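Okay, so here's the structure we're looking at.
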Amino acid sequence: MTRYIFITGGVVSSLGKGITSASLGAILEAQGLTVTLLKLDPYINVDPGTMSPFQHGEVFVTEDGAETDLDLGHYERFVNATMTRKNNFTTGRVYADVIRKERRGDYLGGTIQVIPHITDEIKAKIREGADGADVALVEVGGTVGDIESLPFLEAIRQMRIELGDQQTLFIHLTLVPYVAVAGEIKTKPTQHSVKELRSIGIQPDILVCRSEQPLPDAERAKIALFTNVPEPSVISLSDVKSIYEIPLILRDQGLGNRVCEKLNIKATAADLDDWKKVVQAQKNPRHTVTVAVVGKYVDLEDSYKSLSEALIHAGIHTQTRVVIEYIDSEAIELHGTELLKKVDAILVPGGFGSRGIEGKILAAQYARENGIPYLGICLGMQIAIIEFARHKAQMENANSTEFDPKTPFPVVALVSEWMAKEGIIEKRKWGDDLGGTMRLGGQPCRLKIDSLARRLYGEDRVIERHRHRYEVNNDLIGELEKKGLVISGRSIDDRLVEMIELADHPWFVGCQFHPEFTSTPRKGHPLFIGFIKAGLAAKEAKKAVLAAPSQEKTD
């Protein structure tokens, strides 16, 4: 029997419902329970796949090829369960499915309404996503009081009635602000947020109160009194330097035990030793390395959320504090590569569109010519191919057909056909819809013997997640290989280039897939760990060069 924990948010958005849900999931998993997490998004887009990163942040790709909310990335980084397309759905998807059923005649001519048809569909999707787990944590996007969230809140209210309080539990995440002018912590916003939630029929069982500092006992007692929540169930969650401390903080306040008690679950004590090691390693680095992330969405760091976390994970596993310098590729176009002079390694992430492309190409050229470790992900690999073709293979004006359809050397072109992981041939053509038509999800990759990629992974075949519409043009690969480009990874059917590297460079790697989606704080990822180690080596080599003249004078 699956138990359901519904997590809502109040007062303001961006309080950290996703991190809190994932942290509670980690605690319950450490107590011996099988856990899954769902995210219900109230926007009308079918999925975030075609949304601007500036509006939505990163699109997280699941193993089965769904384009989902970035919170699913948090879920996978905190728990061992793998998310699927069933773990995230939107208002748009719910309405699309209901309308499809109506057109098919499933409702036998009835009038389709929010209640019961939309709410029934929401409940069915929640049950489907939770199937097989001991506990399903269901995060409701948005803020209580938003009109968009009402169908989701109504659906979970109905689930409490249908399943009872031994199988459902409500957690409300709320803000308790500190007003500096008055010198006081204010509980009134939380009181009103709970009042709003109760007005639609939901009484929270547990409150998680976000604040700058830990809540004093007096304020916790006051919140408990005015919200009808027992004082032990008012949890204080103050700001922390690392999100990986949160499972420990919530465990120490007894949240996991409180949940198990309310849901009548017999569970063991939570063993969070792995999380203690992660936090200790992050707090006590022995080295520092500076990485330039050259992109065009750098004004919103959530656009590269999994990427920044993967670099942090690599730092944890190399005892290194990773300083990330986000550099706008258009700034490099304007001011040149001076912006890259002080970094130890360069990373060009994925992206779409022609804006800022030449700046990324300059960054790849700078890394190649100066022996600086380079990691190109998705578009970043394609950028490296374009740069190499132009400046090493004498292919003047080489480009991707995404940016220049009339380029004389289309070294990167539209992927028209590929073999999916299941052995099915997928096909795409110009003019297809943008949404859901890319090469998506986990795809197998075969690594070349004696390549850097093979050494980093320690195996000859890996599965990594993809999200792209363009690929390296096989017709021009031979010319590039003659000039020193190494194709170190290919798709299983040999049709697509998955990884490249340079034989005459200390560490220059490009991958068509997104390794950041499978990095976790407890395991890291071999590509990022190798990249950070290379950055440290480059930093030490630079120090040695700078020290050499003074050494000669001493001699």
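In case you wondered, yes, glycine gets a Cβ from its N, Cα and C as well.
For the ATP site that Swiss-Prot gives as Ser14, Leu15, Gly16, Lys17, Gly18, Ile19, the extra residue drawn from Asp64, Asp69, Asp71 is Asp71. Binding of L-glutamine is attributed by Swiss-Prot to Leu379, Gly380, Met381, Gln382, Glu402, Arg469, and the same site annotation extends, among Gly351, Gly353, Gly441, Gly442, to Gly351. Listed by Swiss-Prot as binding CTP are Asp146, Ile147, Glu148, Lys186, Thr187, Lys188, Pro189, Thr190, Gln191, Lys222; the candidate from Ser13, Ser400, Ser451 that the record includes in that site is Ser13.
Of all residue pairs in the UTP-binding list (Ser13, Lys186, Thr187, Lys188, Pro189, Thr190, Gln191, Lys222), the one with the greatest Cα separation is 23 Å apart. Mapped onto three states, the DSSP output places Leu379 (L-glutamine binding site) in helix.
Secondary structure at Glu139 (Mg(2+) binding site), taken from DSSP and collapsed to helix, strand or coil, is strand. Note on the domain 'Glutamine amidotransferase type-1' (290-541): its mean pLDDT in the predicted model is 91. Cβ neighbours of Glu402 (L-glutamine binding site) (same chain, under 8 Å, six or more residues apart in sequence): Phe352, Gly353, Ser354, Val412, Leu414, Arg469, Tyr470. Cα-Cα distances to His514 (active site) place Cys378 within 10 Å, out of the recorded positions Leu15, Lys17, Pro189, Cys378.
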